[in-house]
Amino acid sequence: MFSLKLFVVFLAVCICVSQAVSYTDCTESGQNYCLCVGGNLCGGGKHCEMDGSGNKCVDGEGTPKPKSQTEGDFEEIPDEDILN
């Protein structure tokens, strides 16, 4: 019974690992997918471009990294304006 549980756990881990998308360092040609959030992994003056098919290193501006929200990002609305 223990070995059956161990086998099921092992099988689940294998399935999860096989479904993962692997990202590598971007090549100079920009063919490899890359991670844009949390750091710019594109070398050689290239920038990361995010789209539906995957992130690629490209020449030019690329897509800006998402900005985290902080307290100063939003203008406070006075209570009087909300209640009226």
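Cβ coordinates come from backbone N, Cα and C, glycine included.
Annotated in Swiss-Prot:
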- 1-20: signal peptide (SIGNAL)
- Cys26-Cys34: disulfide bond (DISULFID)
- Cys36-Cys48: disulfide bond (DISULFID)
- Cys42-Cys57: disulfide bond (DISULFID)
- 59-70: compositional bias 'Basic and acidic residues' (COMPBIAS)
- 59-84: region 'Disordered' (REGION)
- Thr63: O-linked glycosylation site (CARBOHYD)
- 72-84: compositional bias 'Acidic residues' (COMPBIAS)
- 73-84: region 'Interaction with fibrinogen-binding exosite of thrombin' (REGION)
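Cys57 (disulfide bond) is 4 Å away from Cys48 (disulfide bond) when you measure Cα to Cα. Of the listed disulfide-bonded residues Cys48, Cys57, the Cβ environment within 10 Å is emptiest of other Cβ atoms at Cys48.
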